Amino acid sequence: MEITLFDPIDAHLHVREGVLLKAVLKYSSEPFSAAVIMPNLSKPLIDTQITLEYEGEILKNSSNFKPLMSLYFNDGLTLEELQHAKHQGIKFLKLYPKGMTTNAQNGTSDLLGEKTLEILEDAQKLGFILCIHAEQAGFCLDKEFLCHSVLETFAHSFPKLKIIIEHLSDWRSIALIEKHDNLYATLTLHHISMTLDDLLGGSLNPHCFCKPLIKTQKDQERLLSLALKAHPKISFGSDSAPHVISKKHSANIPAGIFSAPILLPALCELFEKHNALENLQAFISDNAKKIYTLDNLPSKKVRLSKKPFIVPTHTLCLNEKIAILREGETLSWNIQEIA
């Protein structure tokens, strides 16, 4: 059995920087045609110049791959800066509520504040797409749900602004997407295939710790259903977020799952299991092209066959190891050719 996927797109990706970028980028740039690149670096991408420099680093270390750059939402985004960014081909803004995830200490503290709404008004006029880490302070399993009132306000106040709920994790958010024409979402492999049991049902597994948290079986099943039918308002976004093992095994574990090396084989396995392989092309590419109005992307064909793929236990960054999701397991699908 074989399947060929055309122009895979990862609508939410972390490729880090420096030597770590050089170690992990290939796992995304080789099989994927394009990816929406997250801006929460140690030095966040708060303006056009910094963002273009980072884009250059990605392009220097990849080929036949389009990084779709995003700006870190901040109070310094004047109308002039947004116009400059748009002129340079940047079409995404990423809003992080302050402190909700990795490198979000510079995030937005008042999501409904006057300055935030002013920037969103400008973004709407210029045709930006707003990607939001949709969590609010509260009990860890309810943080996405607690952000619903903010999402509703944004959707009503800016009806022409496309708003993406990144890494949808709570089944209660599905109703919002179906209610509001301008609300969309991305789904990760881990949120549609894993639950809290994978994180802490046995021994604590730090390599399954992410934000937003993987949640209950009900959440996983409802989200998987969206993916399997390739809901037209949903696109795939891996949120692949590598950390070296020494940090993942520390007392202060950073959130992030490194899934990039297994994404396409694991998705094939999952969709075949549920008799939905015919919908994988839409989930992995076609929906994103429509939602984000993407064209002129690098052409890519990825042929996968039903042959065993043993997931490596790790990859290397200098002398440090980076653990890979489902390390050591055997997947039933494997990439045979990328053209």
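The backbone N, Cα and C atoms fix where each Cβ goes, glycine too.
Feature list (source: Swiss-Prot):
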type     : residues                                           : note
BINDING  : His12, His14, Lys94, Asp239                        : Zn(2+) 1 binding site
BINDING  : His14, Val15, Arg16, Asn40, His133, His243, Ala255 : substrate binding site
BINDING  : Lys94, His133, His167                              : Zn(2+) 2 binding site
MOD_RES  : Lys94                                              : N6-carboxylysine
ACT_SITE : Asp239                                             : active site
Separation of alpha carbons, His167 (Zn(2+) 2 binding site) and Ala255 (substrate binding site) (Å): 13
Nearest of the binding-site residues (His12, His14, Lys94, His167) to His243 (substrate binding site) - Cα to Cα: His14
Length of the line joining the Cα atoms of Arg16 (substrate binding site) and Lys94 (Zn(2+) 1 binding site), in Å: 16
Spatial neighbour of His167 (Zn(2+) 2 binding site) that is closest, considering only the binding-site residues His12, Val15, Lys94 and their CA atoms: His12
Nearest of the binding-site residues (His12, His14, Lys94, Asp239) to His133 (substrate binding site), judged by Cα-Cα distance: Lys94
Residue with minimal Cβ packing [other Cβ atoms within 10 Å] among the binding-site residues Arg16, Lys94, His133, His167, His243: Arg16
Between His14 (Zn(2+) 1 binding site) and Asn40 (substrate binding site), the C-alpha gap once rounded to whole angstrom: 9
Sparsest Cβ surroundings (other CB atoms within 10 Å) among the binding-site residues Val15, Ala255: Ala255
Surrounding CB atoms that lie within 10 Å of the CB of Asp239 (Zn(2+) 1 binding site), all protein chains: 27
Shell list (Zn(2+) 2; ref centroid = CB of Lys94, His133, His167; cutoff 8 A): His12, Met38, Leu95, Tyr96, Thr101, Cys131, Ile132, Ala134, Glu166, Asp239
Binding-site residues near Asn40 (substrate binding site), in sequence order, restricted to His12, Lys94, Asp239 and a 10 Å Cα cut-off: Lys94
Rounded Cα-Cα span from Val15 (substrate binding site) to Lys94 (Zn(2+) 1 binding site), Å: 15
Cβ within 8 Å of the mean position of the Cβ atoms of His12, His14, Lys94, Asp239: remaining residues of the chain near Zn(2+) 1: Leu13, Val36, Ile37, Met38, Asn40, Cys131, Glu166, His167, Gly237, Ser238, Ala241
For substrate: widest Cα to Cα gap among His14, Val15, Arg16, Asn40, His133, His243, Ala255 in Å: 19
